[in-house]
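Annotated features in TrEMBL:
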{"type": "BINDING", "residues": "C12, C48, C82", "note": "[4Fe-4S] cluster 1 binding site"}
{"type": "BINDING", "residues": "C156, C160, C163", "note": "[4Fe-4S] cluster 2 binding site"}
{"type": "DOMAIN", "residues": "3-119", "note": "domain 'MTTase N-terminal'"}
{"type": "DOMAIN", "residues": "142-373", "note": "domain 'Radical SAM core'"}
{"type": "DOMAIN", "residues": "375-455", "note": "domain 'TRAM'"}
{"type": "REGION", "residues": "396-419", "note": "region 'Disordered'"}
Amino acid sequence: MARTYEVRTFGCQMNVHDSERLTGLLEEAGYVAAPANAQADVVVFNTCAVRENADNKLYGNLGHLAPVKARTPGMQIAVGGCLAQKDRGEITRKAPWVDVVFGTHNIGSLPALLERARVNDEAQVEILESLEVFPSTLPTRRESAYAAWVSVSVGCNNTCTFCIVPALRGKEKDRRPGDVLAEVRALVAEGVSEVTLLGQNVNAYGVEFGDRQAFSKLLRACGEVEGLERVRFTSPHPAEFTDDVIVAMAETPNVMPQLHMPLQSGSDRVLKAMRRSYRREKYLGIIDRVRAAIPDAAITTDIIVGFPGETEEDFVQTLQVVAAARFSGAFTFQYSIRPGTPAATLPDQVPADVVQDRYERLVELVNDIAWEENKSLVGTTVELMVAEGEGRKDAATHRLSGRGPDNRLVHFDPTPFGDRAAARDERRVEIRPGDMVTVEITRAAPHHLVADGGVLAVRRTRSGDAWEARTAAPSAPVVGLGMPAVGAPA
Ligand code: SF4
């Protein structure tokens, strides 16, 4: 009987990307995914060291699994990701029922470490200080049939004082453009029509091989890939956001009018304390140039409130930048001390009630602006890539959901446009996740749009075919770059 596995992922897109490799590695080693709600033989935690008091979350989960493991012969638990890279042997000291601890630089070692722990009946802790192989070259099982993450670099050369990433993911390492494009073409050949280029500092791409324009060249090269409908990227750093990238975005049709650019704070004094190498004027200048070149661009951001030393005046400056930038959305965080970061020992930690108050005022402003921006789209038509899963339902309408070119989420009525009879008896147009539908926006909410008039047009795509094929044959082969698919002809 094949052993079953479950991978639990915490944190950022880079971890989602790496978890697709962990599942690919396990399936290539003969494991199969555990059925939903069934206890897996192997449970893998791909951890985060930043978000949501990550430590408590991990040790809490491990605590719950201890009695399960005690009564399940042969069960194994593995911990990887940023918290493993940070805590190392501390994890098996605190949770001696853990079998394997591996780091961010050696995710490829998981199957071998599980086997060694089983044979030697002894916990295996293996943490490397630098990257073993680019995770992108490892076998992968992608979550989506029509969209994919493509890592262009790992690590980061910046030293933001609140961030632990450089300590855990190391200095920036760039993949060769040819390798990135080969992966993109291979994905499109499998039916993928949307790729998101991924890097801690995606627009610094090329710094390792000395080409400051490598990222804009990569965007343009993605524009040449036949069948690739949508290109997105995350996360750029304002300090490295150069005009050649804006021009490449504007001139390359399949690069989507959407930009996620972390601001973190609107106060130059706080940006200096965060060691963010840009100031508010430069940040707003980039926003203006992006909007001039791409008028319909949706811009989102990350903001931290309550950074040590932040005054009311600093916070007001953040609100001013938010008001000027008119973000379509923002990930907002209350500053919390992250052990091992320079900011953790800074004086003037802001009291929790003050942080909470500022957080609520910021979220209110962000939501008001996002809603106003969404309201301005009512009456426009948009082509959506249909997403997996049902959309927002209410008594009257069973909706599906999809994303527009600007990545806004739209819940839409899947009946033929204007066909009230069909709407009454819920006759839907024949669409699949990955297909494209054109709809008219009829209503706006702060975090999504609604199209209740029905579907104006349907474009069935190769991604829809890929989704259908995958749904029909869930045990689709594991695909690795440059390696024959398991079970597929070499
Ligand atoms: S740019 Fe700053 S916040 Fe982003 S990963 Fe690098 S150090 Fe962390």
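Using N, Cα and C of the backbone, Cβ positions are placed for all residues, glycine too.
Features as recorded by TrEMBL, highlighted on the structure.
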residue : record                          : Cβ neighbours (10 Å)
C12     : [4Fe-4S] cluster 1 binding site : 18
C48     : [4Fe-4S] cluster 1 binding site : 21
C82     : [4Fe-4S] cluster 1 binding site : 26
C156    : [4Fe-4S] cluster 2 binding site : 21
C160    : [4Fe-4S] cluster 2 binding site : 21
C163    : [4Fe-4S] cluster 2 binding site : 22
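Checking each of the binding-site residues C156, C160, C163 against C48 ([4Fe-4S] cluster 1 binding site) by C-alpha distance, the shortest gap belongs to C163. Checking the binding-site residues C12, C48, C82, C163 against ligand 1, the ones whose Cβ sits under 6 Å from it are C163. With DSSP classes pooled into helix, strand and coil, the tally for the region 'Disordered' (396-419) is 0 helix, 9 strand, 15 coil. C82 ([4Fe-4S] cluster 1 binding site) falls within a helix when secondary structure is assigned with DSSP.
Helix, strand and coil residue tallies for the domain 'MTTase N-terminal' (3-119), in that order: 57 helix, 23 strand, 37 coil [DSSP].
Within 8 Å of the centroid defined by the CB atoms of C156, C160, C163, the record's [4Fe-4S] cluster 2 site, lie the Cβ atoms of N158, T159, F162, I164, V165, P166, Q200, excluding the listed residues themselves.
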